[in-house]
Amino acid sequence: MPNGYDYDLVVLGSGPAGQKGAICAAKLHKRVAIVENRWALGGVCVHSGTIPSKTLREAVLYLSGFREKTFYGRSYQVKDRVVMADLTFRVDAVIKRETEVIRAQLQRNQVVPLDGYGRFVDAHTVEVESAEGTRRVTSENFLVSTGTRPASDQHYQLDGTHIFNSDQLLSLSEVPRELIVVGAGVIGLEYASMIAALGVKITILDARPTILDFIDREIMDSLQFQLRQLNVIFRLGEKVTTCVYDAERGRVIATLESGKRVHGDGLLFTVGRQANTDKLNLESAGLKTGDRGKLEVNEQFQTAVPNIYAAGDVIGFPALASTSMEQGRIASCNMFGVPSKMRPQFFPYGIYTIPEISIVGQTEEQLTHDKVPYEVGIARYSELAKGQMLGDEHGLLKLLFHSESLKLLGVHIIGERAAEIIHIGQAVLSFGGSIEYFRDTVFNYPTMAEAYKVAALDGLNKL
Ligand SMILES: Cc1cc2nc3c(=O)[nH]c(=O)nc-3n(C[C@H](O)[C@H](O)[C@H](O)COP(=O)(O)OP(=O)(O)OC[C@H]3O[C@@H](n4cnc5c(N)ncnc54)[C@H](O)[C@@H]3O)c2cc1C
Ligand SMILES: NC(=O)c1ccc[n+]([C@@H]2O[C@H](COP(=O)([O-])OP(=O)(O)OC[C@H]3O[C@@H](n4cnc5c(N)ncnc54)[C@H](O)[C@@H]3O)[C@@H](O)[C@H]2O)c1
């Protein structure tokens, strides 16, 4: 015990933030332990969030033959009737492999796994409670990366079968024939589009009159248009007050503040997330939480108590696996004398609806608000050879650039491979490049990346 503590760092929670924080500290030759109360390592990301939802999406796209319908007709599908087990089979396989990868990574970096629920005793001690009993562990530093869980509300009678949240959706035995989705955030829209691709009628309800306000409006209009083609009904500006399951009729009924009632076979409840901080006994360490249990941190990801850091969803926005990993790594660097910062303005957003959306940089709305003179260059997938080959007739890549300096200001994409090709724009944006780069570069042909050149030429022609 060189510093009088059992460890140099104890991490609470093994999601993306915790894993990367732990490994970064271990690489700096620190003695690290990671506490996890779930049966396996990986967090929400691996067990109920990112990995299951994105694997489910791949399973849906394959089994429904969704991508092939443009060529082989609307009735084309790989399997006549897709049941939940067809989807979860693939999900389970990927979760198993990912869990193994994480376990091996932590093991080879000599990060000690401590199974159980961790809670603070004081700013240098946690108690870890498991089926085997309770033990106390001391550490010079802590990283709180306990993540979030689906927000709940007493007015909604979640039974996990007819009325369920995004965690419970993964263990449904059947795909509902008619689904109501309450909450058109990223989770609600992603799952709504996946289930709609299976031919299920969906009604999306949200209290806000517009959805995903951080996304370019043209891109959102296109998403809504494409989802409507899949039989999705949007009822926006409608607050849901209660949801009940009528067992006699076998129907779920959502009552709206406006007095309307919406019926379905199942209801997915996705109205945001609550931080897992309520049982951490943070007060004993001198810490308080804010809205929905979130922890406040400074640029180094340090809380008000200097030896306690926090990263990932527990600190709130942007609450992504991608940013959580980086926050965890940066927190450990700062903790152990390697000053590091995040560059929040250049992280991309990938929204895995069908069709997928990805953005980086500023939107037209922000630029207009900030009085920045800009021009727009657009490439439509229908005019790209690769877009034709993939059968994506509606995709769109939009570049925003300064109309005088030609500096790239934002990239907004909807369509096939959006979340992959966004990184080309992200690199140019990060290095402060102009759209002349796209004009003067030769891209592989045929590729989706070629969209950048087409959009740059379109934009330059407008000047
Ligand atoms: C349905 C869904 C889809 C998503 N899709 C994407 C996506 O496509 N891309 C993306 O970037 N992000 C996505 N996200 C978000 C992403 O999953 C989260 O941002 C990420 O998992 C947060 O990582 P984290 O390290 O903060 O903690 P988490 O992954 O939330 O893990 C925290 C872990 O800590 C454990 N824990 C909590 N309290 C304690 C305690 N006291 N002691 C011990 N252990 C504890 C929890 O059980 C959990 O295992 C999605 C989320 C959801 C719900
Ligand atoms: N691809 C990705 O990156 C990805 C995917 C999924 C989740 N996530 C992360 O998970 C977070 C949580 O997502 P979320 O979708 O649960 O939450 P959210 O807060 O983004 O959306 C919740 C929505 O529910 C609506 N709502 C709340 N109460 C309502 C009511 N009573 N009636 C009608 N509508 C109501 C809100 O207006 C809001 O639009 C996201 O912010 C994101 O960071 C990311």
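Cβ coordinates are placed from backbone N, Cα and C, and glycine is handled just like the others.
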So TrEMBL lists GLY183, ALA184, GLY185, VAL186, ILE187, GLY188, LEU189, GLU190 for NAD(+); which of GLY266, GLY272, GLY286, GLY290 goes with them?
GLY272
Taking a cut-off of under 6 Å between Cβ and any atom of ligand 2, tell me which of the binding-site residues GLY183, ILE187, LEU189, GLY272, ASP313 pass.
GLY183, ILE187, GLY272
Taking a cut-off of under 6 Å between Cβ and any atom of ligand 1, tell me which of the binding-site residues GLY118, GLY183, ILE187, ASP313 pass.
GLY118, ILE187, ASP313
Measure from the Cα of GLY272 (NAD(+) binding site) to the Cα of every one of the binding-site residues LYS54, GLY118, ASP313, then give the nearest.
ASP313
Might you list, by sequence position, any residue in that chain lying six or more from LEU189 (NAD(+) binding site) with a Cβ less than 8 Å away from its Cβ?
VAL181, ILE204, ILE211, LEU212, LEU223, LEU227, ILE351, THR353
The domain 'Pyridine nucleotide-disulphide oxidoreductase dimerisation' (348-455): DSSP-derived helix, strand, coil residue counts:
39 helix, 31 strand, 38 coil
Greatest CA-CA distance (Å) over the residues LYS54, GLY118, ASP313 that the record ties to FAD?
29
Excluding near sequence neighbours, so keeping only residues 6 or more apart in the same chain, what lies with its CB under 8 A of ASP313 (FAD binding site)?
GLY15, ALA17, VAL44, GLY147, THR148, ARG273, ALA275, ALA319, SER324
